[in-house]
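S.K.: What follows is a single structure, and I will ask about it in a moment.
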């Protein structure tokens, strides 16, 4: 998966000169903008910075504190403003956009908008995504007064929103003075890119249109100083890891979700090429490593791993985990059969070898690249996998007009995948069913495992599709999750997207049923296709279908990929409320056991 940040890697200024010098035809110094020009403003500077780092679409909800700023964003030729139905979805869309482009942005209004988008920003923080969250703030004259403003909680202190964002962003800029606005904006954006985390920028509503000397020239493109490893630490870490792994009989390697933030996907694959080790991914790293790799053995997810993968990983005498996150969900209720003394854990800037030494200031991509040069080739683990592997069977053939089963649905979704598609999997049973999909080379794949916020996929589908218009996004969404964020199907239609949404209607929160059942997991059934038809309202291109059996599903997919290939296609799939994957049944029981552990004795 390509995780380069838009123009950042390419935008290196050809000159280190500063100041406004007259052009002589060869100078690379960016020209001056007249001070009173509408282009020498904070709003225009921010817009151009966003374009420079690779953002061409900004997801927004207007409010009185951000309207002037939105005017300036609209005025930037390289920027497209996408109006969303609510702030939560705008944040989810920026999250989905960042997964493809490497950076995303959203704009909301003060407090009522900021606190609404906060949940999405927290999700982006947990998933290590650089999302630039911009908030239109109060008039600069109101800071330090005793005034009470609308859109606040009724106190003269305006810092509630800032304090909320401090825990879910890596940098916060409150811009209520033009003198330091240029510095704060640039620091915020560069910090988001360097840390691969969201940032918060609040801009007073009266400042975006005011010219200022600091904006009197075209902004020089970012040239972020590359992070480098401590060379001595790198050499020591590689030597220790090579000694550890070269002694092993059947070592394996497992990719984790932080491969993306570390920009180490390519180095990880090259290590697999060089070493010959069996190669697996953690569930939240699916899509980061090509599944066509000759030594790929599937998803390692403890008891719910893809077939024969867990047996190979857990029986290995050494395993290298690159960028893992071990939480209660990814560890299936803390039930992984792994031993610390067998593991090398490689984080974005740190290496820990078994129970022994740890090495800091060592970048993951450098470590993996250098380690590839030191390892002896060892294909034992993959040979063992190949020896025990039995090809998966096919679902039982449906009788004519038999009620559709979920495993049959995903058998047909598998056939739809290509390099021109991407899969978005919603929190729920789609996690497990989509994990079993075999991704063709170039097929995108995203889901939100660490944060697991239901409804995330609607906004993320909007954002991802906007970021990669050449791909057709296939979203698998449960009915319970869809009810949380359904409105922004409207924005997909408005934006001319051609996504295919499979709405899996099983009558409730099935993933929660398998953890702990109760009447609260049953939801009111909607006429989902009728609702999407109402949203469509004859404007834009949208087609809906409701399917109950395999014959209807086949017909719907043929239509969606044929006559209606230029439309947003919404296919409601009616399935039995107890039709779940076996992996969810196993995972749910183990997570339930972890949740219900009694208190430790005092």
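Including glycine, each Cβ sits where the backbone N, Cα and C put it.
Heads up, here are the entries from TrEMBL:
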type: DOMAIN; residues: 41-146; note: domain 'Thiamine pyrophosphate enzyme N-terminal TPP-binding'
type: DOMAIN; residues: 238-355; note: domain 'Thiamine pyrophosphate enzyme central'
type: DOMAIN; residues: 449-573; note: domain 'Thiamine pyrophosphate enzyme TPP-binding'
type: BINDING; residues: 479, 506, 508; note: Mg(2+) binding site
S.K.: Averaged over the domain 'Thiamine pyrophosphate enzyme TPP-binding' (449-573), what pLDDT does the prediction give?
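M.R.: Here the mean pLDDT over the domain 'Thiamine pyrophosphate enzyme TPP-binding' (449-573) amounts to 95.
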S.K.: Go through 479, 506, 508, our binding-site residues, and report the one whose Cβ sees the most other Cβ atoms within 10 Å.
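M.R.: Of the binding-site residues 479, 506, 508, the most buried by Cβ count within 10 Å is 479.
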S.K.: For the recorded Mg(2+) site formed by 479, 506, 508, name the remaining residues of the chain with Cβ within 8 Å of the site's Cβ center, in chain order.
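M.R.: Leaving out the recorded residues gives 478, 480, 504, 505, 507, 509, 510, 523, 577.
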